[in-house]
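Taken straight from TrEMBL:
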type	residues	note
BINDING	HIS53, SER70, TYR141, ILE142, ASN143, SER158, HIS227, PRO228, GLU229, THR244	iminosuccinate binding site
BINDING	CYS115, CYS201, CYS294	[4Fe-4S] cluster binding site
Amino acid sequence: MNNLNVVPDEVLQRAKANVDSNGYLNIEIDPRLDLFAEIERLKKEKNAILLAHYYQEPDIQDVADYIGDSLGLAQQAAKTDADIIVFAGVHFMAETAKILNPNKKVLLPDLKAGCSLADSAPADLFAHFKAKYPGHIVISYINCTAEIKALSDIICTSSNAEKIIESVPKDQPIIFAPDKNLGGYLNKKTGRNMVLWNGACMVHEIFSLEKITKLKVRHPKAKLIAHPECEDAVLQVADFVGSTTQLLKYAIQDSAEEYIVATETGILHQMQKDAPHKTFIPAPPNNSCACNDCPHMKLNTLEKLYLCMEYETPEITMDETLRKAALKPIERMLEISRAAGLIGG
Ligand code: 13P
Ligand code: SF4
């Protein structure tokens, strides 16, 4: 360890004892410490892989081994031979990595990095809901808890959802949870009539169609690109709808010079890096704030990331019966995605 950050044992023990209530190791870091260099050192020393979602702050994205959407991250977690998986994302993502890797240590910089969409589907209420629809299979968006995954037949992400639904016979009734906006979009795309759980993402449901329309008047050549967690009114006027990875690819390959981006602002960092000559404008929400940051994703910081790697805390732990039940629908998703050529072997 760099001697700029020698932590007395009693301070470390107190921070560890309070990790459940704080969500992270609350230890002061010497501001002269080079956190980028320290994180690189820890990756090598501990054979750790650092996976980050596009909604993480730019510094975290820049130090990650892999940045991706939920499907890409799940696939990386499924195939890694690292001893430790450090997940710079939210709880359900790190939990998915643990479900796939029971024998690896999975670290999350802040245990309180949750997800409003996952929270919108409590398992006990969902079990009652499911019981009302006998004969239906359950397809759940990966943004849900392990308990909801255990009640599901197949998991999907925004980049494979259509293929997953198409893999199910047309006459098989389906419940889709927890995102009603993604579910509604998929019903339209696939011509199905899936029963939808009434959940939504707090970031994607607040984009203002009125403000987007005004923005389009000021930027007539700008294309609107949107994540399918957005409300139908926004999706209807979008030039392209896709997962974060699909939005990024589209923005790079498409010929326009300007884009209004209706998803969390973190993705703009990669868009700007990969297409520096283009202009990316965050779509405005219907409140006074000018940006759309996910408060859960942004709980992770470079400092918390360094601390969780140095002291291997907080760690994701799971009940083995729950893990096995949640694993089945994730494996099904990976099999269908492989067969559809969406991910490699
Ligand atoms: P994707 O990156 O899979 O599109 O998911 C977006 C999201 O909301 C993650 O929380
Ligand atoms: Fe959850 Fe929405 Fe944040 Fe994604 S952006 S983690 S869906 S609250």
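Just so you know, glycine gets a Cβ as well, placed from its N, Cα and C.
With respect to ligand 2, the binding-site residues HIS53, CYS115, TYR141, CYS201, HIS227 contribute CYS115, CYS201 as residues with a C-beta closer than 6 angstroms to one of its atoms, given in sequence order. Each residue in VAL90, SER116, LEU117, ALA118, ASN143, MET202, VAL203, HIS204, GLU264, HIS296, MET297 lies on the same chain as CYS115, CYS201, CYS294 and has a C-beta within 8 Å of the C-beta centroid of that [4Fe-4S] cluster site, without being one of the site residues. Note on CYS201 ([4Fe-4S] cluster binding site): other Cβ atoms within 10 Å of its Cβ, all shown chains, come to 25. Checking Cα-Cα distances from CYS294 ([4Fe-4S] cluster binding site) against the binding-site residues (HIS53, TYR141, HIS227, GLU229) with a 10 Å cut-off leaves nothing; none qualify. GLU229 (iminosuccinate binding site) sits 13 Å from CYS115 ([4Fe-4S] cluster binding site), taking the C-alpha atoms as the reference points. Site extent for iminosuccinate: among the recorded binding residues HIS53, SER70, TYR141, ILE142, ASN143, SER158, HIS227, PRO228, GLU229, THR244, the largest C-alpha separation is 17 Å. According to DSSP, HIS227 (iminosuccinate binding site) is assigned to coil rather than to any helix or strand. Here the C-alpha separation of TYR141 (iminosuccinate binding site) and CYS201 ([4Fe-4S] cluster binding site) works out to 12 Å. Across the structure, HIS227 (iminosuccinate binding site) and CYS201 ([4Fe-4S] cluster binding site) are spaced 11 Å apart at their Cα atoms.
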